[in-house]
């Protein structure tokens, strides 16, 4: 609807916004044109809404938001992970998993599947002979860290198995081939796994056989099999308390099921919007899907979880062909969209009212992404006002690049308006309690204890204070007053690498000296 603005309301708005209006001379031909356009606009507005004869107050075209100016910051080369042999498998997944202790990446391998586990602080170039987790007989298709135990990771593979692994605190020292648990139950390869968000010891797996299996790790057995899908399952997503499971399937249907029984509560036939990925939007009782429209354009759709008969809204994104991955942050109500093979990440603010998706900004980079991992909120740098962090896989460079989403403000104190209580590492329920029918939301924690006040003097002052001894770019006497444990460990590993390099160089020179001494001895024998 076109509102009827009067000249008085326009002038009042201009005055409030401190805008200056240029006046046209009476002899100017543009003046008549402007007046004619203004009269046409008023007549059109009156024809659309003749009952509205009063003045309307000015309403801005955007909604006020503390996240309007969030920007993406790519990490420096020293903070990236280089030389990672990222898998070239074409399965539509992220192929990486991150928590505050470890980075795990599925790697290219022959004769079975494997993945790499690196301590999160050990950035830089990865040793080509770095130990791997390599117990699968087929390619690894998905990996997920346990949300309550940072050393436990699950993996699934083309060998039709799901395996549970325990990683030592310092990382792997040798190849790991023996898993804690091995689950067999699928008749075809297993493409997806998901941990339950609030209870310990419950894992879901989805295979190419169209079945979802519910595993109880405490008893090491399958509890339930869901067989309501007629084709390959593309995506699984839990609601906040884990009572509902949303799935997208290759049969072009979106389903919302009871997570315990597998009973389908809602089902949508998505012929106009072919669903690829699905995600619950926190406690809003809404579901968001990404997919392709009937015109082969990438599309986002918003649904009411209690009525999937028709989407609440649909929005076309672009005409590219890569799968669109959605990431939702329930703490900030921000949605991130990243396409497979794209170099950009779009982000929006989700609202319960129209417009449901408010576009904020876009982070762009030239390198295409194969997949993206996300750090849990408890791993954020609170002092830098970081609200989200991606780990971008760049296959052609063998690179894993952290990308931080930052709210631009001075963090003189803990910013509780952008860091509400968030999910912690303590499970709300045991597997037995959840299977008995109890539902509970996650146990929340505050991130205030993670806050460290930034140096008010700034980086230049810090550089003046430090008089470092550098050997080929290695700072041996770094200012340690503001270092975290992870930074100390990073320094330790950098110094270890430098010591190895110096030892090798010293050994090469010793060998050269021995060769020269032998040649000199031979020359002396010849002369005598």
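Including glycine, each Cβ sits where the backbone N, Cα and C put it.
Pulled from TrEMBL, these are the features on record:
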- 499-526: coiled coil (COILED)
- 60-124: domain 'DUF1899' (DOMAIN)
- 133-175: repeat 'WD' (REPEAT)
- 183-225: repeat 'WD' (REPEAT)
- 226-267: repeat 'WD' (REPEAT)
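Below 8 angstroms of C-beta separation, residues 87, 89, 91, 93, 95-102, 104, 106, 109, 112-119, 122, 181-184, 186-195, 197, 200, 203, 205, 207, 215, 217, 376, 423, 425-427 of the same chain, each at least six residues beyond the ends of the repeat 'WD' (133-175), sit close to that stretch. Listed as Cβ neighbours of the repeat 'WD' (183-225) (distance under 8 Å, sequence separation of 6 or more from its ends, same chain) are residues 91, 93, 138, 141-149, 154-164, 231-233, 235-238, 240-242, 245, 247, 249, 259-262, 423, 427-435, 440-442. Per-class residue totals from DSSP over the repeat 'WD' (133-175), listed helix then strand then coil: 0 helix, 22 strand, 21 coil.
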